[in-house]
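A short worksheet on the structure shown next.
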Amino acid sequence: MNENIVIVDAGRSAIGTFSGSLSSLSATEIGTAVLKGLLARTGLAPEQIDEVILGQVLTAGVGQNPARQTTLKAGLPHSVPAMTINKVCGSGLKAVHLAMQAIACGDADIVIAGGQESMSQSSHVLPRSRDGQRMGDWSMKDTMIVDGLWDAFNNYHMGTTAENIAQKYGFTREQQDAFAAASQQKTEAAQKAGRFQDEIIPIEIPQRKGDPKVFDADEFPRHGTTAESLGKLRPAFSRDGSVTAGNASGINDGAAMVVVMKESKAKELGLKPMARLVAFASAGVDPAIMGTGPIPASTKCLEKAGWTPADLDLIEANEAFAAQAMSVNQDMGWDLSKVNVNGGAIAIGHPIGASGARVLVTLLYEMQKRDAKKGLATLCIGGGQGVALAVERM
């Protein structure tokens, strides 16, 4: 790239709990609110956008190309193309990479990229219903589990991959609960200090009676969480296991997006860049330990950027599970005081198609607050992959 490609604005919805405040809205409706909010904040006209690229994992029965639905619902003209991508938990960050590539290749000037997800509205389906079932029980499948949370190669839940990591690294239940409690406590402190306020775009949720409800604060964090309280929970995936609902991320709803363009375009439009996109990398690992994906992805990304872990001022590494996040921290060897300083997905939540963009949005705003220069966003991916993006404030 001969010219810097930058993010000029970033925003996200507050993250909703499963069947919680956002559950009455589809993924496209949540995404529409965020996209409209970004247009309003930047002052960009809808017709100035060249493309919209959004991650969404749970798309069964939601209609053709959800990103296109979001684009038109947000008031962008028919002439603006849109693409939905599915790289499971890495979808929202890969969308930003695709925006970066499109601009670098001269295929677009301004791209909005990110992700959206309603895990609450994911469908149950009846397999082989076109052929019929002549005898016996006929079971429906939960697409949230099958398409979002189930390892297709080993035929078990993502939680089992976390158990595999805990066994491989020797992480105890107590260590995992302590990690999860710390995440909750950091998020509680951040919420009480208003540290997420700037990044959240409020969403109006229609009510059956009266005025719409304004949803503008993450509702998944459990204030007052301690390692002792987490220690009372039963293992979720194995009778003798150590992974519980308390030391794993949540099932959530939300959306997050960024506005990407060249530095010269930002200057032309009078928009101040939040950061430049420095490098991106994807990597593959054994699906049975999919949570280690950020290790090779982050290593490759840092090599491309010409950085080392010690150069990073701030890191957002998605917490799919405590054991998973601990393995990444251990092998990367980075300064833990710089990682997920306001808590991670164990506390904030993990709307899978949106999380890649969510960690990036959170990273960008916290870098501003701390005057940090170099940052990294990274996530593991079900099926055995990882993604990482390096950014630098200018």
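Glycine is no exception: its Cβ is also placed from the backbone N, Cα and C atoms.
Under the heading active site, acyl-thioester intermediate, Swiss-Prot lists CYS89. Among the features that Swiss-Prot reports, active site, proton acceptor is placed at HIS350, CYS380.
In this structure the alpha carbons, written CA, of CYS380 (active site, proton acceptor) and CYS89 (active site, acyl-thioester intermediate) are 7 Å apart. The number of other Cβ atoms within 10 Å of the Cβ belonging to CYS380 (active site, proton acceptor), over all protein chains shown, comes to 34. Listed active-site residues: CYS89, HIS350. The one with the lowest count of other Cβ atoms within 10 Å of its Cβ is HIS350. When the Cα atoms are compared, CYS89 (active site, acyl-thioester intermediate) and HIS350 (active site, proton acceptor) turn out to be 8 Å apart.
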